[in-house]
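Below you'll find the structure, written out as structure tokens, and then a few comments.
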Amino acid sequence: MFRSKRSGLVRRLWRSRVVPDREEGGSGGGGGGDEDGSLGSRAEPAPRAREGGGCGRSEVRPVAPRRPRDAVGQRGAQGAGRRRRAGGPPRPMSEPGAGAGSSLLDVAEPGGPGWLPESDCETVTCCLFSERDAAGAPRDASDPLAGAALEPAGGGRSREARSRLLLLEQELKTVTYSLLKRLKERSLDTLLEAVESRGGVPGGCVLVPRADLRLGGQPAPPQLLLGRLFRWPDLQHAVELKPLCGCHSFAAAADGPTVCCNPYHFSRLCGPESPPPPYSRLSPRDEYKPLDLSDSTLSYTETEATNSLITAPGEFSDASMSPDATKPSHWCSVAYWEHRTRVGRLYAVYDQAVSIFYDLPQGSGFCLGQLNLEQRSESVRRTRSKIGFGILLSKEPDGVWAYNRGEHPIFVNSPTLDAPGGRALVVRKVPPGYSIKVFDFERSGLQHAPEPDAADGPYDPNSVRISFAKGWGPCYSRQFITSCPCWLEILLNNPR
């Protein structure tokens, strides 16, 4: 039987969903670890899209490969076919149909909605409701959407647990298919391209009518359903999502007739962190001390840039972004630093949003990969390779936002993130896929200028500092931002 292209796209999207994979001992606090580079003793995990923050972060992996694959195949193996693996030891003999000479996996039909060639992916379980990870160990009971009981310690899975898993998976598949089948072929193409590129090609908006979808007895708006399916398996509520500034849902009314369901047009909001670190002798103003103009270790370009920023910040702009006389003034300038050396010229930003990246499949902005330096340390080279899709910096009505598009965390400090009246430096960790308001216009207006005796070295109340992959401050071995291999300085020009 011939199948339409639309049904093939729907099946490919279903196979591209992600599976949570718990990491033991993971914590997203600011107290050090290998991922943020505070200790630097072990290498980073393989570059996968680890979405989430806080304790128990999840590593999410695509069920299907990112490359296009022929979706035409035969029907069949609907029950047992949902359990598939990509290599590894055979199923336990306690499972029905797992004999010595044959296996349920051996009769897999390549075109079925739940099937995958053995060499394409290391994920061995299906859907969001899997009880076991790739190594065969029982999953944590707190896994999102996993409503079934875990396997008893003394034997195989009970019939009730298997039955409930299949029901939950079938419900998710039914709700997802009902939503995707409402989309036109062009919208499905856009959605698939965004999912398979992991946001490298976010594409346009995918608009759907606001529907009363329900999953597990709970409301599941389209943006929540697809965000949970393709990016954040632990996502619980739509209020945790923030539409990006270029999305239809950003400007549309909250109760409008349509909503964008492209999961890469949304970011996840950074929630409150653990209590601030204990009092430190370092203050936010001490952070700026290494950039003091009298510091003899600064290069000529650094000193020239700092002096120029104080006297005439409007004189600097990237050559390719030189504005005409009719264009409005830039709202910020971006400086890229490697440790204590500024690399390249200041990049002036005129548009509402700008991408700052090392390697991006499609798009424009500030490409850090094109900035050359004769001598780079090994730590800088490693960190530059982790920038990837980088960040999206946007000026919005309430402030300046930074969205982490990469696969590694970023670390942010700004005057409006510091505790009012506090002297301890506050550095916020932003996991992949999350966004944070790095500069709050309202809070900035309420803050008083620092007292003269408190200002130790140059202090700019309208600047933001962002480090890629490596943290700094009281909770890390790096006390100063200039100890970070790759970081940005965002110099706001007349905030608001």
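Using N, Cα and C of the backbone, Cβ positions are placed for all residues, glycine too.
Annotation source Swiss-Prot lists region 'Disordered' at 1-116 (among others).
Residue counts for the compositional bias 'Basic residues' (1-15) by DSSP state, with H, G and I taken as helix and E and B as strand, are 11 helix, 0 strand, 4 coil. The annotation compositional bias 'Basic residues' is assigned in Swiss-Prot to 1-15.
The region 'Disordered' annotation in Swiss-Prot covers 136-156 (among others).
The Zn(2+) binding site annotation in Swiss-Prot covers Cys205, Cys247, Cys260, His265. Annotation note: Cys205 (Zn(2+) binding site) sits in a coil segment as assigned by DSSP.
Under the heading domain 'MH2', Swiss-Prot lists 331-496.
The annotation phosphoserine is assigned in Swiss-Prot to Ser435. Ser435 (phosphoserine) falls within a strand segment according to DSSP.
In this structure the alpha carbons, written CA, of Cys260 (Zn(2+) binding site) and Ser435 (phosphoserine) are 18 Å apart.
Within 8 Å of the Cβ centroid of the Zn(2+) site, not counting the listed residues Cys205, Cys247, Cys260, His265, the chain contributes Gly204, Val206, Leu207, Pro243, Leu244, Gly246, His248, Ser249, Phe250, Cys261, Asn262, Phe266. Mean model confidence for the domain 'MH2' (331-496) is a pLDDT of 89. Recorded residues Cys205 (Zn(2+) binding site) and Ser435 (phosphoserine) have their alpha carbons 19 Å apart, per Cα-Cα distance.
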